[in-house]
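Peer 1: Have a look at the structure that comes next, please.
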Amino acid sequence: MSKNSSRDSSPEEVSPDTETPSTTTAPKTFRELGVIDSLCEACEELGYTAPTPIQERCIPIALEGRDLIGLAETGSGKTAAFVLPMLQALMDKPQQFHSLILAPTRELAQQIAHTVEALGARISVRCTLLIGGMDMISQAIALGKKPHVIVATPGRLLDHLENTKGFSLRTLKYLVLDEADRLLDLDFGPILDKLLRLLPKRKTYLFSATMSSKVESLQRASLSDPVRVSVSTKNQTASKLLQSYLFIPHKFKDFYLVYLLNERAGQMGIIFTRTVHETQRLSIMLRNLGFPAIPIHGQLSQSARLASLNKFRARSRNLLIATDVAARGLDIPAVDYVLNYDLPQDSKTYIHRVGRTARAGKSGIAFSFVTQYEVELWLRIEDALGKKVEEYKPEKDEVMIFAERVNDAQRVAALTMRDMQDKDNKGRGPRNRKRTRDDLDQDDG
């Protein structure tokens, strides 16, 4: 256990989940929360018209100098809830290596760094991103320029603390643990414990979707007399999310997939699968049918994953085929719908997946395919949600119109996948195998 293990106690509770704002009270502004003008102007430029509930409740507490635990549903705007107070404290007393933000995944870390740079643009904030899959030397050079803020994944940060000459966090003033439950799910616990022993006394913000026993232990080890703010409840989905399921034969899943995509042509959608193989197969099949689909999964190189996300964000591709590597933490605006092509194994993952749409007050739709083999799993998910989800029943004749074209595209995808496997089997090294997977999107640049 770290030297900070005695820092806290039971957190003070603020803003219970059942609390609702008075109907006679106008929405607060960032200025009313105590945010300074230059940061308010940055919020306006980014389209932050009014604080979200997590921002409204967390920012004043953070500005008072308290340690903070924020529990909020995905898409709630929590990044700005910790970045704004952190930047305001930096402006009050500027210094190098002022703040450290830890995130569980490279993609989430990159998004947080982008938010820090955007909100801090008017005050010339220097932010450095430390993640795996990128060159250590380039990152060490960036650290040598003494940034104000570091956004990192735990493993890469520890690499630099142990190996980059002259780098330390002795003067650190703020620590943020974002997606803390995910950090612990990914077995970063031992690394976090080691990092906490290296860090000085500081203000700490911990944000999480859930408050598990592991997160409770991390809170006790890292926070001092914290205030807990909760704007979510267990197994909650966004209020403007419309959910439905399709009970279909397993062998017809691709037919129903193409039917739904055709019905929603031009909209932004994320299709979740259970395996890397299925992600690759669907990407190839759908592109052969004229759908602008791109894959993202854990076996892609970091540069390829970021390239896929950037194309999707830029709307040059409107279908993202994803494993659960993309189900959590990714801030992708304006996703119109989510489709669970393969059901997740538990309700927690279901909530994280469908939380990619209906974000920050917007509406969205979540479809789920339920086959004859998944009825029990679906009933468990419904039970955890605490409600029955409406069934969506397309006319079978309208679906089967696509059968011949889909069958042809399935054959092309199978041949392409076989060719890729043959290349793997001919002794190509890991780098080349990964590059081959990256080439799934090479045909449309």
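Positions of Cβ are set from backbone N, Cα and C atoms, glycine also.
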Peer 1: Between 146-149, 178-181, 210-213, which stretch does Swiss-Prot give the note motif 'DEAD box'?
Peer 2: 178-181
Peer 1: According to Swiss-Prot, which of these ranges is motif 'Q motif': 28-56, 260-288, 289-317, 347-375?
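Peer 2: Feature motif 'Q motif' in Swiss-Prot: residues 28-56.
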Peer 1: Mean pLDDT across the motif 'DEAD box' (178-181), rounded to an integer, is what?
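Peer 2: Across the residues of the motif 'DEAD box' (178-181) the model's pLDDT averages 90 on the 0 to 100 scale.
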Peer 1: Please list, for the motif 'DEAD box' (178-181), how many residues fall into helix, strand and coil according to DSSP.
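Peer 2: Computed counts for the motif 'DEAD box' (178-181) are 2 helix, 0 strand, 2 coil.
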